[in-house]
Amino acid sequence: MKTLLHVKSSVFGDQGQSAQLAERLIKRWLADNADGQVVVRDLVASPIPHFDAGSIAALSTPAEQRTPEQQAAVELSDTLIAELQQADAVVLGAPMYNFAVPSQLKAWFDQVARNGVTFRYTEQGPEGLLQDKPVYVLATRGGLYRDVGLDFQVPWIKLILGFVGIKQVEVIYAEGLNMSDSQASLAQAQSELDALALA
Ligand SMILES: Cc1cc2nc3c(=O)[nH]c(=O)nc-3n(C[C@H](O)[C@H](O)[C@H](O)COP(=O)(O)O)c2cc1C
């Protein structure tokens, strides 16, 4: 049975444009994988705490010496990483908020990029430790940034996914969603999504 991980980060929940595009993509994926399961990680409904000095202390304390709080912090990181490891494919809702990913999504990446678990440093430089898998990024924006040299979001998402070993990144852009032609932009994104060859 295949597993699709849906990572949600829109503050608008299921009404968000990224969530609606995700729903469309997930329907297609389920049509191809009738016995597949979808695991939802909703970063807005269940926020992930910021990574801080306490997180580092928890991860570097031997299991038998951890306080209950440290144990809970490590378990959260372990759970998020396990969800990513066990997924055959990932749908990543990625709205643009203030030119970047939502802070909720940044907090998720801070938890799943873990030295010795999802990446490691070698003599030749960093090496990603996750098995490669398709990640479908749904990049929703109010304005236009694609191909004009002002997109600091999608290149960063590709960089950090590559850092942990994931190179199969497909991006569906829904741009100009706060502009007058937003319906046409959305329709374009939907048709790109429908044409996507899903693994
Ligand atoms: C707090 C906030 C910040 C935003 N910042 C930007 C931005 O920097 N650039 C942009 O093009 N759109 C920006 N937008 C618009 C969103 O990207 C747009 O509404 C998009 O559809 C959001 O996706 P979602 O509906 O999945 O949350 C912002 C929206 C919010 C709520």
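Using N, Cα and C of the backbone, Cβ positions are placed for all residues, glycine too.
Sequence annotations record features per position, and here TrEMBL assigns domain 'Flavodoxin-like fold' to 2-195. Per TrEMBL, the feature FMN binding site maps to Ser10, Met96, Tyr97, Asn98, Phe99, Thr140, Arg141, Gly142, Gly143.
All features noted in TrEMBL, drawn onto the structure.
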{"residue": "Ser10", "record": "FMN binding site", "DSSP (3 states)": "coil"}
{"residue": "Tyr97", "record": "FMN binding site", "DSSP (3 states)": "strand"}
{"residue": "Arg141", "record": "FMN binding site", "DSSP (3 states)": "coil"}
Surrounding CB atoms that lie within 10 Å of the CB of Phe99 (FMN binding site), all protein chains: 12
Of Ser10, Tyr97, Arg141, Gly143 (the binding-site residues), the residue whose Cβ has the fewest other Cβ atoms within 10 Å: Gly143
Farthest-apart CA atoms of Ser10, Met96, Tyr97, Asn98, Phe99, Thr140, Arg141, Gly142, Gly143, residues recorded for FMN, distance in Å: 16
